[in-house]
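Taking it in order: structure first as structure tokens, then the write-up.
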Amino acid sequence: MILRRSSVFSAFYLHAFLLCLRTTVSDASGHFELEILSMQNANGELQNGACCDGARNPADRKCTRDECDTYFKVCLKEYQSRVSSAGACSFGTGSTPVLGGNKFSTKGTRSEKSRIVLPFSFAWPRSYTLIVEALDFNNETASESGKLIEKAYHSGMINPNRQWQRLTHNGPVAQFEYQIRVTCLEHYYGFGCNKFCRPRDEFFGHYTCDQNGNKTCLEGWTGPDCNTAICRQGCSTEHGSCKQPGGCKCLYGWQGPYCDKCIPHPGCVHGTCVEPWQCLCDTNWGGQLCDKDLNYCGTHQPCLNGGTCSNTGPDKYQCSCEDGYSGVNCERAEHACLSNPCANGGTCKETSQGYECHCAIGWSGTSCEINVDDCTPNQCKHGGTCQDLVNGFKCACPPHWTGKTCQIDANECEDKPCVNAKSCHNLIGAYFCECLPGWSGQNCDININDCKGQCLNGGTCKDLVNGYRCLCPPGYTGEQCEKDVDECASSPCLNGGRCQDEVNGFQCLCPAGFSGQLCQLDIDYCKPNPCQNGAQCFNLASDYFCKCPDDYEGKNCSHLKDHCRTTSCQVIDSCTVAVASNSTPEGVRYISSNVCGPHGRCRSQAGGQFTCECQEGFRGTYCHENINDCESNPCRNGGTCIDKVNVYQCICADGWEGVHCEINIDDCSLNPCLNKGACQDLVNDFYCECRNGWKGKTCHSRDSQCDEATCNNGGTCHDEGDTFKCRCSPGWEGATCNIAKNSSCLPNPCENGGTCVVNGDSFNCVCKEGWEGSTCTENTNDCNPHPCYNSGTCVDGENWYRCECAPGFAGPDCRININECQSSPCAFGSTCVDEINGYRCLCPPGRIGPDCQEVVGRPCIANGQVTADGAKWEEDCNICQCQNGRIHCTMMWCGPKSCRIGKARGGCPASQSCVPIKEEQCFVKPCPSLGECWPSAPPPPSKCHASFSYQDDSCANITFTFNKENMPQGLSVEHVCNELRHWYLLKNLSTEYAVSISCEPSSSASNEIHISISTEEPRTDRSPIKDITVQIIDLVSKHNGNSTIIKAITGVRVHQIPSPKTDYLVPLLSSIFIVLWIFALASAFLWCIHRRRKQNTHSNTATSATEDNTTNNVREQLNQIKNPIEKHAAHGVPIKDYEGKNSIIAKIRTHNSEVEEEDMDKHLQKARFTKQPAYTLVEREERAPNKNPNWTNKQDNRDLETAQSLNRMEYIV
């Protein structure tokens, strides 16, 4: 889409105006400068024909007194098609001091007196009208208004430029030449000096400004504000970044100048990586760190003297030596002297290691190949250079020395080396010249430079012999240019201006309200009113302030305000947005979205479309095209048409005026012909028909038709009796050479539809909107500042731009979020939520899927809310799930809640109170203000508790040992217990059984906690308590989980139910008793039978003893394993500890079936530990039931006391 450019500026309010009254601001955005180049008043006359001073000579009618005192006055105002002197000089006025007499020229000089500077603080309109008056200063009356010598009118167009444009006025009385230019102040650019751009190189930007005021990023920076650094070329965009140009900072795991190389595993020697921390071995290298050389022969070539190398293993090799060599690397030669290895006359002698050379004099080295350096140490003295020879040396002596070792001094004064000296003195190894004053150097041939910075203020020092002379710059004098000529001595500044003396000049520091070179100008900055769009102008001391309407901003209120750049807007449609406002009761104000630019009005259409109604003078889809009102060529007589908004302006050629340049300026209106000559008007000229013998262009001479001002622009005048004829210089024509032959606009230098306007000997281009530059060659960047919202991409065109929107957005400036819910994609009563480039459906209970198209089970009502089927939530320590209308929760008793002492009920439920925990319940001290929520009546004790002795298939007791240093302070026993209730294995168990966990601190060890786990009666033969104990051991041994409490566990003791022994004695005695009663009569026989049974009993006892010995033999083999911890029971029965290296095999010996015993062994074998030291298995101990247990501390090796019968397995980390 094509849009009109819209700039964004900050808004000002009335309080900003009050602030401006106290703030010093720039007093202009540019200057109009005019400089007088030359003046020629041949006769010293005024415009009315009178002499400047005195009367005429009656004989030759020439002025008799001194010449005119000429100065100039300038009036600059808006462009006038018909120039009038009436009215104010709206753009400014100024004057020069007296510059000279009748004839003078300032060309080639740098005098500021001939220059007038008119500052302006508004957008320069380019077209202007200039009135220049040459006046005669009246020395006698010193009147402020001088007498008019000549007046020049010029209407034209000029663009800001550093180059001067030269203009010439050829009047009937005098001719003068001047030049003009318009320059913008620093940081101001554009045809109107109203584009601000200040270079910066800091956090908010790094750029300079080109000749048109556009930002040009410094090297290494990019982005709209040039604050995005360009990284080093080749820097990986995925693994590197930078904050400074040329940088490349790597992410973790990457390295290299371009961050494209991964960091290998630490210690990786001969390996590479594809991803960080890998070590992929190079060829012929192996090992975890690629440090094992698999091809030592290939990489090191250790075998010498032709030996053959064979790889025998990583970092190992073997050399097979050639005949005549031996050693590990074949480095030892056999019969080495046969090859005559000793060079340079050396004698060879064989040794056990090979050979040995006895070298001739002057040679050394293993084979006598090295020439002995006889120059070490250096034999040459006094800096002589030593040259080594065979068994000798030669010295190259420096100047002043001779001899074999440079030990003899030479007399240098014999050669008369001193030039400007009194005498020469021979020294040892040198000579000395006694120089004359002003000379230096070893030979007194250097003139001493006496210029040591004595000349001040830029003076040039000229060196003399034994002296100097200062050449002072203008403005300074004195022997060392130390005196500044005070140009302020004459007090040139007016209206209270303060004079500041400068080098060869001065500067007036004007008070508020005055300006000009001498502070002679009093300017009202609100005349003409620079504020646009109905804004009120306030004139300040040295500036003006525009109070803009709500919808405009900028220095002159010339730009539509984009409210949505600084505040959030609600998009109503493509034409309207709503912004917050205090001016309406609703708190919002509806404004235009500026889609149609500053020259159109947006009309919203159905379906999110819109149309633009253009202002007069504009057309196009977005009113971006200014209608060319110059298409009909309305300007006549060589006038140039300048297209404006719904109007045009004609810039007339010299000699023409009027709206369409249809009026020939009457050059005879000022009666230029003297002595009753008749004036005839020409185009930009006049002709005088002289009478009574008068001659010259204005009938002012008796002698000749020609004078210096007759022919213009360098033309040569020829007197032909009753008339004159001008021979014009190249490029000019006309009776007086005042018409240019070739226009500076031919051929048209302005490109891209620009209009060329002749201005003296130069031209100016009026560019079409969207183009800039001196010849309209540069396309204006309509994408600056970025006009596209929501990450849209701006495409710049010729006075237009197009926004290519990101997915999910639309509209001419990508401000409209596409509503994907308009098509109602969500079905079955669901709610559609619009998102960026998508939508989301909020499904009702019973439905799921992207569009709620899938049916699910019935919902549940939990805590007064409808919950979808399959949803899960937590209730205290339990997890609940809705399954087709029914709620299923885990059955874990959550224990008492924690609370804070001192608060109202401490956060406990209404039926409970916060009870402080006991000292022994604080596991990791201190526990300040900790409490637990309990009801007023304590619950009945459970038969399965950590402090009770009851155990069965639904109750288990476990003791955990902790490392408190790894646990946080303020941890109570109940905190630990609550953490255990959240273990996943107990969670899984609580889905099938009701589970209760209680904890009590150990009375014998401060780092132990006794824990009881109870479930409801098992529904099968297999007890869940056995499974859960095995899983707890496996969980703790592998340190699974992220819990701090699990990681702090260092030991586990699991207490199990003893297996009852099978007793055959009771049924045997019962049978015997019955038999005795039946066979009472046979007492003798029964006595015999009784005797025989006693013998059988002895036999069984011997057999049992044999079996016990066999068992003891097995245990004796196990006891051969060294055990670092040994414990003894109270009755002296030893308990053996067995230590496994990587696993634990806990064999619980019972009298149950072998299958069940093997199954239990397999479960216990899961408790494997990957770190040393390993756990220690303590064999179980059986004790009598129904007795309170006395716990044994595994850390102090104390004896076990008598306790209830139980099976105990102890694991020590």
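The backbone N, Cα and C atoms fix where each Cβ goes, glycine too.
Features of the protein shown, as given by Swiss-Prot:
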type	residues	note
DOMAIN	447-482	domain 'EGF-like 7'
DOMAIN	592-624	domain 'EGF-like 10'
CARBOHYD	N139	N-linked glycosylation site
CARBOHYD	N214	N-linked glycosylation site
CARBOHYD	N556	N-linked glycosylation site
CARBOHYD	N742	N-linked glycosylation site
CARBOHYD	N957	N-linked glycosylation site
CARBOHYD	N988	N-linked glycosylation site
CARBOHYD	N1042	N-linked glycosylation site
TRANSMEM	1065-1087	transmembrane segment
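Where Swiss-Prot records a feature, it is marked here on the structure.
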{"residue": "N214", "record": "N-linked glycosylation site", "DSSP (3 states)": "coil"}
{"residue": "N556", "record": "N-linked glycosylation site", "DSSP (3 states)": "coil"}
{"residue": "N957", "record": "N-linked glycosylation site", "DSSP (3 states)": "strand"}
{"residue": "N988", "record": "N-linked glycosylation site", "DSSP (3 states)": "helix"}
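Taking each of the glycosylation sites N214, N957 in turn and counting other Cβ atoms within 10 Å of its Cβ gives the largest count for N957. Here the glycosylation sites are N556, N988, and the one ringed by the most other CB atoms within 10 angstroms is N556. Separating the Cα atoms of N214 (N-linked glycosylation site) and N988 (N-linked glycosylation site) is a whole-number distance of 70 Å. For the domain 'EGF-like 10' (592-624), the model's average pLDDT works out to 78.
Counting in whole angstrom, N556 (N-linked glycosylation site) lies 88 from N957 (N-linked glycosylation site) by their C-alpha atoms. For the pair N957 (N-linked glycosylation site) and N988 (N-linked glycosylation site), the C-alpha distance works out to 19 angstrom. Helix first, then strand, then coil: DSSP counts for the domain 'EGF-like 10' (592-624) stand at 6 helix, 13 strand, 14 coil.
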